[in-house]
């Protein structure tokens, strides 16, 4: 639901302690909980309103304190409230809504920050590695840390716990799968760029296999053995192991020797009928990050004043043989749901962040739309299944802001024409040159399904680890 609505939030907080809801499979959710489209003409009395009736009973009936069989966690990397609003305004219009991101009935906000490695003091602007470590392990750490605390000690993550409890596990991203967010479920290294043996020897020597460590992110991933991992990052698999049983072999050859099935396009992905510990699945659909959905000009100094308004265009490099985030999400659910013990699946829309860094509004908007479509797939499964908790949030906030179209802003700006036909000016103003930076504002977190009420109110990023662990009843 939209971030400005206090109604559902206050109801959720007050009713989280009420008795059990109807049995999950028998529950019929009120459609008004999910449909947040403006109800009429925006210029008319009440036309912009998104809620027409009292939702108390509907929200009460949506609550369940049962344990979840499955959890689907969807992360919009860099998807702060500003990024959601930018994308909604452009792609859906002022009165529109995202049928996934905006449709989860229980909403809260969480704090996120990392720690300085030497002092342990708060670092109020986290990177994606420390933030992913926070929700995957329940431990705050330093920027750059993957699955380790400020003392470089590893902590068991949600995927490892889910496996230990007999659940199927999945990890989907539009980034390189060695990138920070997916990597936090796959490995424990002291620096986030230790994708393969080469970087690990230089940047994470204590983790390198030749030094007695557990290996690079990719090498640890192959040992961790999740059932389904889909995304980019094929280039690292060409590197060669320097030590251990597979010394001298490429990481791809090692994966094949360990029994993994590797697919590289949509048709090959569609052909997969099962993925489990006997034959886990790896989908590698790009050498690095996967191509973005939409293209447009990057913002420039006074671009909103000196350049014409633009509309975003489809990226010709995102060809039909490359699966979308929604397609990868659907396939992962299809394969994981066969486990009678349930599953844990993390899905990341990675390039909201990457395009925000590049001050490219069309890039980040398209990736937000992509994530919304993935959320819709997860939500549809959860509604039909009745035993699945869906959570949608972000790892950190970012730099894009909506400003008045005529403003002479000090940063980089670009003017877009929205679905409404109105001008939308986007500003990136926290870096003089080069990459725009993360910001430290609290983030929206929203949920649907068993124990969804635990995301309401103010929580911390580390609470997400405990919320999921409790919902799935994961034991050490």
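Every residue gets a Cβ built from N, Cα and C, even glycine.
Feature list (source: Swiss-Prot):
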| type | residues | note |
| --- | --- | --- |
| ACT_SITE | 128 | active site, phosphoserine intermediate |
| BINDING | 77, 395, 396 | Zn(2+) 2 binding site |
| BINDING | 77, 179, 181, 346 | Mg(2+) binding site |
| MOD_RES | 128 | phosphoserine |
| MOD_RES | 206 | phosphoserine |
| SIGNAL | 1-26 | signal peptide |
Distance [Cα-Cα, Å, rounded] between residue 77 (Zn(2+) 2 binding site) and residue 179 (Mg(2+) binding site): 11
Cα proximity to residue 346 (Mg(2+) binding site), best match among recorded positions 128, 206, 395, 396: 395
Spatial neighbours of residue 179 (Mg(2+) binding site), counting only the recorded positions 128, 206, 396 and Cα distances within 10 Å: 128
Cα-to-Cα gap, residue 206 (phosphoserine) vs residue 395 (Zn(2+) 2 binding site), nearest whole Å: 27
Check: same-chain CB within 8 A of Zn(2+) 2 site center, minus 77, 395, 396: 75, 76, 78, 79, 126, 128, 131, 132, 181, 353, 394, 398, 438
Secondary structure at residue 346 (Mg(2+) binding site), reduced by DSSP to three states: strand
Sparsest-packed among the recorded positions, when each Cβ's other Cβ atoms within 10 Å are tallied, from 128, 181, 206, 346: 206
Spatial separation of residue 128 (active site, phosphoserine intermediate) from residue 395 (Zn(2+) 2 binding site) - C-alpha basis, Å: 6
Per DSSP, three-state class assigned to residue 179 (Mg(2+) binding site): coil
Under 8 Å by Cβ from residue 396 (Zn(2+) 2 binding site), counting only residues of that chain that are 6 or more apart: 77, 78, 80, 112, 125, 126, 127, 128, 131, 353, 438, 439, 440, 443
